[in-house]
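Notes to accompany the following structure.
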Amino acid sequence: MTKQIQKTVSVCIIGRPNSGKSTLLNRIIGEKLSIVTPKVQTTRSIITGIITLKDTQVILYDTPGIFEPKGTLEKAMVRCAWSSLHSADLVMLIIDSLKPFDDVTHNILDKLCSLNIVPVFLLNKIEIESKYLNNLKAFLTENHPDSLLFPISALSGKNIDRLLEYITSKAKIAPWLYAEDDITDLPMRFIAAEITREQLFLNLQQELPYKLTVQTEKWEELKDKSVKINQVIVVARESYKTIILGKNGSKIKEIGAKSRMQMEQFFSCPIHLFLFVKVRELWENNQEFYQYMKI
């Protein structure tokens, strides 16, 4: 019996916050793995997505958005994004086609050039008519002639098949790093924490979602095939805790119910979710939390 030839290719997806990196990863692997919200800087760490197509395994790295960081957490997120480039065969810079170029995007291009990296450009959100699209195409084509350019819609899936054909064409003969049906290498505890953090982003106003983190402290598989999960939402101030709890605990109950539903859908089993809020001043300066967040 002839042994199957295996190929692998790794792809790093970088770009500004809210340019569509997480939506693209989810679209390609066919699962909602990376959390998505309308707020910027939702992704804090590298999210690895895996899809195996015939003889080729594609490993995708969704990264935190690149911007001008100020605080300790923001700086760690941007460092995390840049660190992912060195482990990838392809670097894809995703650009929001609904916005003009700005200094941050130019700085990203300059840094890629200084690193001798020739990125693939992905002009995203073409499902919406944009007055900037043609100018973006012209600028990139003229100033970066060695780079390929794909207009895509991560949301609708337009041109994603073409993009995948290109990605798989760059695969090299090498043993797969993961099982054929794996979609990520992230621990289930981490994924569960990300699901709850997504609901905190969606259900809390203003800056509060940026001032917290979530840790899964307990994951217990029960005899009836359900899972008991205890999570701690860590905040820096007592006033933040009050907001998250809500009147008579109404807000945290709402967040818990929505998180549990998302977990049951992702993990395909009944979930018993228990949320707790703890105040830890200056948690953003504690390396322990960064290790848990993988940044």
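Heads up, the Cβ atoms here are built off N, Cα and C, so glycines get one too.
Marked as domain 'Era-type G' by Swiss-Prot: 7-176.
With a cut-off of 8 Å between Cβ atoms, the residues of this chain six or more beyond the region 'G1' (15-22) that come close are 34-36, 38-43, 47, 62-67, 93-96, 104-105, 108, 124-125, 154-155. Positions annotated as region 'G1' by Swiss-Prot: 15-22.
Secondary structure at ILE66 (GTP binding site), taken from DSSP and collapsed to helix, strand or coil, is coil. Swiss-Prot lists 15-22, 62-66, 124-127 with the feature GTP binding site, giving sequence analysis as the kind of evidence.
Within the region 'G2' (41-45), the DSSP-based counts of helix, strand and coil residues read 0 helix, 0 strand, 5 coil. The region 'G2' annotation in Swiss-Prot covers 41-45.
The region 'G3' annotation in Swiss-Prot covers 62-65, and the record cites sequence analysis as its basis.
Here the region 'G4' (124-127) has Cβ contacts under 8 Å with residues 19-20, 24, 94-98, 133, 151-156, 158-159 of the same chain, all six or more residues outside its ends. Residues or ranges marked as region 'G4' by Swiss-Prot on the basis of sequence analysis: 124-127.
Residues or ranges marked as domain 'KH type-2' by Swiss-Prot: 204-281.
In the region 'G4' (124-127), the DSSP tally of helix, strand and coil residues is 0 helix, 1 strand, 3 coil. The Cβ of THR63 (GTP binding site) lies under 8 Å from the Cβ of CYS12, ILE13, ILE14, LYS21, THR43, ILE46, ILE47, CYS80, ALA81, SER84, each of which sits 6+ residues away along the same chain.
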